[in-house]
Number of protein chains: 2
Amino acid sequence: MVRFEVLILGNSSATPMYGRHPTSQILNFNEQLLLIDCGEGTQMQLFRYGIRSTRISHIFISHLHGDHYLGLVGLLSSQHLMGRQSDLHLYGPAPLKEILDLQFKHSDTRLRYNLIFHPTNPNERAVILDLPSLKVSTFPLQHRIACTGFRFEEGVRPATLNVEEVERQKVPTAFLKLLKRGVDCVDKKGIVYKAAELTLPGDKPRSYAFCSDTIMSDAYFEAIQDVNLLYHESTFLHDMVDRAKETFHTTSREAAEVAKAVNAKQLLLGHYSARYRDLQPLLDESRAVFPNTTLSEEGKWFAI
Amino acid sequence: MVRFEVLILGNSSATPMYGRHPTSQILNFNEQLLLIDCGEGTQMQLFRYGIRSTRISHIFISHLHGDHYLGLVGLLSSQHLMGRQSDLHLYGPAPLKEILDLQFKHSDTRLRYNLIFHPTNPNERAVILDLPSLKVSTFPLQHRIACTGFRFEEGVRPATLNVEEVERQKVPTAFLKLLKRGVDCVDKKGIVYKAAELTLPGDKPRSYAFCSDTIMSDAYFEAIQDVNLLYHESTFLHDMVDRAKETFHTTSREAAEVAKAVNAKQLLLGHYSARYRDLQPLLDESRAVFPNTTLSEEGKWFAI
């Protein structure tokens with residue numbers, strides 16, 4: 001099965017404390033590395049966890065609060081200094097380009113590789129990357145400033161052989177590959193081997209959704225329906241729900257309610273407020289509503 | 001004696017590796033905290049070493065290469081979120097203001113405290129802060145883009161009592177404070193006690209110079225003459241002197257030659273290239289020319 005995992009580089013909200021870092025994640029899809037958000041310190045975190053930043057092909061920035069993008073100029077500059085040559089695709093709010101250009105201008109930096117910027121639309125759902133193996137889409141979140149979530153969805157997974165039927169019909173080995181691709185085969189004696197009989201449909205494509213930062217709102221529920229793994233911000237405990245609403249954030253209990261409402265298989269919490277040194281209460285609160293909750297931990301890979 | 005020490009928060013050049021961080025230092029002058037440069041990750045380093053960032057009163061930025069200022073927006077925003085109310089003075093190249101304003105605009109940040117920006121002049125020496133106890137001046141360095149060094153100089157140190165003479169003349173205790181301030185005193189019997197006879201001049205004011213980034217050039221020697229502690233970048237070993245010149249940096253041997261030429265008491269090396277995991281060769285090379293050299297180490301305080 002193709003690798004599809006996420007590595008947490010930062011799980012802190014805006015004020016990083018206790019050794020926690022601002023938001024950043026590496027998605028490994030079949031050894032292709034995608035970066036989701038790029039808080040301050042991302043390049044140091046990549047080094048710490050043994051990820052070569054030049055392997056990253058796509059970067060996705062949710063919004064322009066500093067804790068979600070301030071590591072970007074450093075990361076892009078370092079890749080330039082390390083001799084990166086391959087293209088790098090960057091997706092984010094339109095003004096991000098102006099911010100990068102201004103900083104590159106004053107540092108007299110001319111990147112040696114192509115940085116291809118794709119502005120995201122904060123108002124509507126959109127497919128922003130559509131490969132046969134992977135589709136990435138954005139959807140509006142409800143934050144204090146324009147903010148998008150991201151959904152990463154595997155392409156259709158190949159059919160598998162119906163081993164019992166293959167044995168019963170004594171299918172010649174040479175035909176197996178074609179049958180898996182859905183092609184019917186005929187041997188020299190004229191016997192027909194039908195793909196529909198000899199294969200089983202592939203597993204359901206897996207998907208990952210990233211929701212940070214936002215208040216809980218059913219406006220984005222459809223966009224993240226049925227995901228295998230849902231990363232949802234849970235900045236506060238529910239006793240601070242008023243503060244959460246005021247600052248356009250979510251509580252742990254609400255994150256769990258989202259996971260339940262959209263039929264997610266698993267929930268990953270993150271974007272913890274600096275007021276919580278101990279995170280166990282956030283986990284307990286979420287599990288009471290949605291048992292399959294996990295705390296995102298920096299340096300840890302989570303399978304999708 | 002008044003405290004005058006520097007804490008190294010980052011000693012790496014542009015590509016941070018091996019757990020090293022980009023340039024940043026805290027200067028503690030009599031419990032007043034000044035920040036010199038603010039590379040990416042500075043706020044996390046401050047937390048790690050137990051420094052409350054709201055205690056910082058002045059920030060000095062040498063130039064607009066990312067490894068010297070990319071931690072600034074995060075640090076300023078976090079202080080806002082932590083409820084800072086006291087004024088904060090920021091000194092740096094003029095375009096820094098435009099860069100900060102653009103980022104605050106798009107993150108919809110309105111700082112709750114006064115951030116007072118003082119543009120530096122990269123072309124001429126200038127006193128930028130002149131308090132009775134501390135004077136800070138800038139001087140042009142020779143880098144690829146406009147860059148200034150900083151010199152921090154203690155005010156005149158108070159005279160001390162000439163204890164032997166005080167005992168010989170049997171000076172009334174009530175007069176000692178005035179004598180130290182240079183005031184002659186007369187007792188009821190008409191005996192005169194002369195400050196010039198009874199005191200010794202105060203110790204020479206201490207000074208610290210920060211030189212990063214630059215090629216070695218005698219253009220800035222006068223500005224850092226006779227400093228007690230000289231922090232000088234030493235990005236490369238001297239076998240890479242051509243590369244150093246090409247990138248407007250200094251080798252360890254050259255940093256030592258600077259220290260010797262300006263009659264510094266002690267030299268602190270830093271801004272190490274990512275090619276050196278082991279820093280001992282940089283130290284050895286410098287000590288061969290200037291024995292009182294130390295490697296800057298993150299998390300370590302150095303007395304001035």
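The backbone N, Cα and C atoms fix where each Cβ goes, glycine too.
Annotated Zn(2+) 1 binding site per TrEMBL: A:HIS63, A:HIS65, A:HIS143, A:ASP213, in sequence order. Non-local contacts of A:HIS143 (Zn(2+) 1 binding site) by the CB criterion (under 8 A, 6+ apart in sequence, same chain) comprise A:HIS63, A:HIS65, A:ASP213, A:THR214, A:ILE215, A:PHE248.
Annotation comment: TrEMBL describes A:ASP67, A:HIS68, A:ASP213, A:HIS271 as Zn(2+) 2 binding site. Residues within less than 8 Å, Cβ to Cβ, of A:HIS68 (Zn(2+) 2 binding site) and separated from it by at least 6 positions along the same chain comprise A:PRO22, A:THR23, A:ASP37, A:CYS38, A:GLY39, A:ILE61, A:SER62, A:SER212, A:ASP213.
In sequence order, A:SER12, A:SER13, A:ALA14, A:PRO16, A:PRO22, A:THR23, A:GLY39, A:GLU40 are the residues near A:ASP67 (Zn(2+) 2 binding site), counting only same-chain partners six or more apart with C-beta under 8 A. According to TrEMBL, the active site, proton acceptor annotation covers A:ASP67.
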Subject >> DSSP three-state assignment for A:HIS143 (Zn(2+) 1 binding site) >> reply: coil
Subject >> Subset of binding-site residues A:HIS65, A:ASP67, A:HIS68, A:HIS143, A:HIS271 within reach of chain B (CB-CB under 8 A) >> reply: A:HIS65, A:ASP67
Original post:
Taking the Cβ of A:HIS271 (Zn(2+) 2 binding site) as reference, which residues of that chain separated by at least 6 in sequence fall under 8 Å from it?
Top reply: A:ASN11, A:SER12, A:SER13, A:THR23, A:SER212, A:ASP213, A:GLU233, A:SER234, A:THR235, A:HIS249
Subject >> Extra residues within 8 Å (Cβ to Cβ centroid of A:HIS63, A:HIS65, A:HIS143, A:ASP213), Zn(2+) 1 >> reply: A:SER62, A:LEU64, A:HIS68, A:LEU141, A:ARG144, A:ILE145, A:CYS147, A:SER212, A:THR214, A:PHE248
